[in-house]
Every structure is written in structure tokens, then in C-alpha cells.
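Here's what TrEMBL has on this protein:
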COILED    236-263  coiled coil
COMPBIAS  630-653  compositional bias 'Polar residues'
REGION    620-690  region 'Disordered'
TRANSMEM  6-22  transmembrane segment
TRANSMEM  34-52  transmembrane segment
TRANSMEM  119-138  transmembrane segment
TRANSMEM  158-177  transmembrane segment
TRANSMEM  189-213  transmembrane segment
TRANSMEM  390-408  transmembrane segment
TRANSMEM  437-458  transmembrane segment
TRANSMEM  535-554  transmembrane segment
Amino acid sequence: MSGAALGIEIVVVFFLALFLLHRYGDFKKQQRMVLFGTLLAWYLCFLIVFILPLDVSTTIYKQCLIDHEAHAQTPSVSPVLSNQTTPNTSISASKNTQHVCYKPWSYIPDGIMPVFWRVVYWTSQCLTWLLLPFMQSYARSGGFSITGKIKTALIENAIYYGTYLFIFGSLLIYVAVHPQWRLSWYELQTIGITAANTWGLFLLVLLLGYGLVEIPRSYWEASRQGHLLIKTYFKVAKLMTEKADSEENLEDVMEEVRKINESIKYNHPLRKNVDTILRKCPVEYQEKMGRNMDDYEDFDDKHNTYPTERSLSKLHKQVIYAVQRHNRTHVQWQILLEQAFHLEDVAKNETSTSRQFIHSFAPPEPVGWFRRYIYTPTIEWYWECLLKQWFYRILSVVLALFSVAVVWSECTFFSTRPVLSLFAVFIQLAERDYNYLYIEMACFITIFFLCTCVYSTVFRIRVFNYYYLASHHQTDAYSLQFSGMLFCRLTPPLCLNFLGLIHMDSAISHQEKEQTAYTSIMGSMRVLSFIANGFYIYYPMLIVILCIATYFSLGTRCLNLLGFQQFMGDEMTSDLIDEGRELLRRERRKRQRIEDGESRRREWRERYAQRDEIAARNRTSMSEMKETNYGETLNSNTNRQAKYTRGSSQTGRDSIELLQDAETLDFNAETLTDDPLQSEPGRHLTKTKQ
């Protein structure tokens, strides 16, 4: 199994990243460069999360071998062999203890992990600090050529890259003027890694403090069907406002496109740019505007004011954004309506005595075998009305306990004697028995929970519609690449923070132990002691204040005071809740009318189909009867014609015989006869000589 676990996880993580990208991105419409950059960023971040537990178990095994050699070099130590010794086991013993080292099933050979971490880390850092910002500006640019998009991207990122150079230069000067340090490539590399991790840790604590409270609370609120339905009414009203705003914005942009389409004629040099803009418009607007090819007036004949290429690029950018926003709000509106209808159905079915879940509307897709045989209406009623609520409550309590353990460990992980971090205690207990499977599972669950708290916050935050991750293939290229940048910046400091929680980072725990391969590529943080001994230790304690602020919804209250509508309960948002309830009633009546119309048309089609079938059957029988009568008539006529033909042929033969027995008559050579028998084939007239 040496290295097999690493290969399996590499393949599994790739398909996981591909699945998430398919859920949020659009493989058919978005650029291949955008999809590839986002997929690579997500894939590398998920690799770090999934492979780090294997690195921890391998490091613990190496530490065991080091301790074994230390015991072996002690004079009072004599080796004690066990009958259970295997080639993968190293044994040593002292007077009172027996030291056994078992190789983990997922052991990774020496030399693989350092190279692997270097490739993954530096590729992700190049993506987040260099390539993805450039690709983000390139994809958002309204240029009509590759050169124009590249130029726009470079101009937009000039300030961005200049800020990084200024920060790095400041740190470089600080290190250069320090008398005890000598600059080398290793130290410069460590300074760059420290700067990136410091920025990432600053953002990580903010997102983690929100997620540690919001994720358990979201599951607890999901168990309260009434509260969840009221919150959905609020979302319906808020999304309806956004939907109307997006439609109005699209109309304004399309009006500008129409004016430019009418002003720029077919022979204008910028006509091809206008055609490019028209292709980005919705189909119904393209049909309305069309191409202005019926007017062959030269554009120079009239001294009109024509737009410049720069203004067309700006309009092109506005069209892309307006169309994307309109499509996204439309899809989200349909999804939210389905959720609201389902919650109302749950509320109605809770009082049902038949214990069978009844839906208000028929599903748009045909019922599959799973719902027909396994997830039956009875099973669905028990799950939706009884079991689901208790499941969410238990899950919420478990996640809340996990959040408390994380907060406690973040505040006490610097203490090594005694060990106060709960995760360090769990790992050290498993390390004594060398239970590598437990170590890997504990590490994976902890990292997965931390990543869930951080990444879910990334997926939930929304910055004025410029950054918004929407499922069902509705995320634009800018938001996809921005999420890739955040993942690449947050994942390395998150993993370093986890290693500090379990006391596997010597820069924080100050213990002389074997370092993980991941920590070794980060370099020694002692180069910048004020960061290693100050910021990395005390800044995570800020998570306590952030969790308290999130618990009391201070951020939501501040946004509500600033004018951004937020759900604050039944009393403070009652107007929007009532509006959402009325909108949902209107949509329900509208959908009910559509379904009634469809059912009536279906009934008429079935009724007329039966009539048409009977009429077709009658026409078929009548045609068969006619064909039968016609066949009989045809047969009788044929028989009569055959009799007549035989009679006439007999009469003809008798006439020929009589003519042959008659005497020869004299005719002139030029005289012709009108004998009807002359037309018979082989019949020749006889001439007599005078």
C-alpha cells in the first residue's frame, strides 16, 4: 500500500473539484481558460486538505523511528523481540517499557512528500497572486480582441501588483537592516511565504469566526419548519426586488445597444464590434433589433457623432454583466419558488392523518425507480415531517460542540505543558498506541470541519453582485476565479493553523520533534520572530470576539441599519415577510392556472383522440367495404369481358375462313379497300393481273 493511498486521493480529489465546478460553473458557455484556472485552484487546495493527514501519520512514524534509535543508543536498553514482529515493525525496549513502531498502511516513502508539497504550494501561490488576477481582469474585460483584453488586464492589475511589490520591498528592507540576518534565497523565500500566510491568516480568522457559529445555527433553524418558511418568505420578497432591478437594468442596456445598432451602418469600421455585442444579447432582443443591413447610406455622408471603440468596449462589458445577472436571478427565482412551495407542503402535511406526503404540484420530471420503490410517499412523510427535524437538531448540537472545541483550542494551542488544546490531546493519545487510522481520521475530520466553516463562508458572502457564487451553473467567470484566489490564499495558513492546534508545528510549539514535510517547505518562521511569536499565537484569539458578534448578529444588524435588508425576525421584517407571502400566493395561483390549462388540453386531446380513433376505424371499415365491392364488380366485369372476347374471336375466325373460301376479285393497283380486316397483322391484299 506504499504510495497507493496518495494516488487514490489524488484521483478522488480531482473528481470532487470537477463536480463542484460543474455545479457552479457552466462548461458550455464559459471560456476554457476560466474553467481550467478555477479547476486547478480548487483542485490544489483540496489536495492540501486531503493529503495532509497522510503527512501527519507518516511524520509520527518517523518520529517513532527516531525515538527507537535514541532508545537503542542508550546503554540500559536491550532489544526485546516479539512474536508479532513483522518486517514493517521496529522494536526496542527499556527496563519498564517496550517501544514498538508499526508502519502505517498509508506510509509515503521518503522524498515524495517534499517534492509534492513544493509543486502544489508554489503552483497555488502563482495562481492566486499572478495568474488568476490577470485572468479575472481578462475575462471581465469588454475588449473585442485578445490584444485589447490583455492590455486592459495589465492596466487594471498595475496597482494590484505594485502593492505587492511595496509590501515585499518593505519586508526585504526590514530584514536587510537587521544586523544578525544575512539575506539568502532561503530567507527571501521564507519572507514571501510568511507574508502570504500572514495575509491569509488575517482573513481566515474573520471567516472562521463567522462559520463556527453560523453553520450550527443554520442547521438548528432548518429544524424549525415555521421559522424556515418565514425566512423563505423574506427571501422571496428580496429576490423579487433584485429580479425586477435586473430586468430594468437589462432593458436600459438593451436600449443603448439599439441606439448604437441604428447609428452604426453596415460599412462602418466598428460594425463588427457592434455585431459582437449583439451576439451577447438575449435572442428575443436580437430578433427585435436585427442587423441594420437595409440602409446602404455611407456613414460619412452625415456628420453624426459615433461611439468610439473604448465606449463600445464599456458597453460590451455592461451587456455581459446585465445578461449574466438577469439569467442568474431568473434561475434563482425558480429554485426559491420550488423551495417555498415545498415548505408550504410540509406545513400542510404535518397535520395529515393518512401519513402520506402530498405535493401541491406534480413533479416536472417523471417519477424514477427510487421514488417509486424506496422513497415512497409514506417514507417521505416520516422523513419530512418527523425525522428530518430531529436529525438536524442532533447534527446542530454535534457541530456546536465541535465549534466550542475549535474556539478553546485556538485560544490555548500555544500551551504545551500542560497540553490544553483538545485536538492535540486526541492526537497524542492515538500516537501512544500508534493507531494511524484513528490519527488520519481525526486529522481529516478536524481539517474538513475547519474548511467547511471557512469555505462555506466564501460561498455565502456576496459583495454587491460583483462576487457571488450561485449554484445551478449561474456563477460568472469573475466570481469563479475570485473564489479560486481566496481558496489558494486561505488553505495554506489554515493547514498551518491546524498543525499548530495538534502541536506539529515547532515554530509555535517550540518542541524538538520531527517536522511534517508540509511544515518543512514553509521555512523557519523564526526569521520574522515578531510574526512567529506574536501574530501567529495571539491573533487567533480574536476568534472569540468574532463568534460572540456572530451569535448576536451584530453584522446583520449593522447592515440593516445601513439600508441593506436583512432577516431580523418576524417583527422587524414583517413587511417583507407579508410581501413575500403574497408573491408566493400569486405564483401559486399562476402555476395552478397553468396546470389546469394543461390538464384541460390533455383531456381534450384524449377525448378527441378517441373520436379520431373511432372515425379512423369507421373510415377504414368503409374503405375496406368499398374495396371489396369494387373487387367483386371488377371480377364480374372481367368475366363478362372474357365471354365477349371469346365470342368475338370465334366470329372473327369464321369470317376469315369464309373469305379464304371466296373467289378472287379483280382490283386496280391503285385501288384501296376499306376492309376492316386489312388492319390485322400479317394480312396482305391480293392483286390480280388483267
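The count begins at 1 with the first shown residue.
Cβ coordinates come from backbone N, Cα and C, glycine included.
Among the stretches 119-138, 189-213, 535-554, the one making the largest number of Cβ pairs under 8 Å with the transmembrane segment (158-177) is 189-213. Within the chain, the transmembrane segment (119-138) has long-range Cβ neighbours (under 8 A, six or more residues past its boundaries) at 33-34, 37, 40-41, 44-45, 47-48, 149-150, 152-154, 156-157, 160, 164, 196, 477-478, 481-482, 484-485, 488-489, 491-492, 521. Looking at 34-52, 437-458, 535-554, the range that has the most CB pairs within less than 8 A of the transmembrane segment (189-213) turns out to be 535-554.
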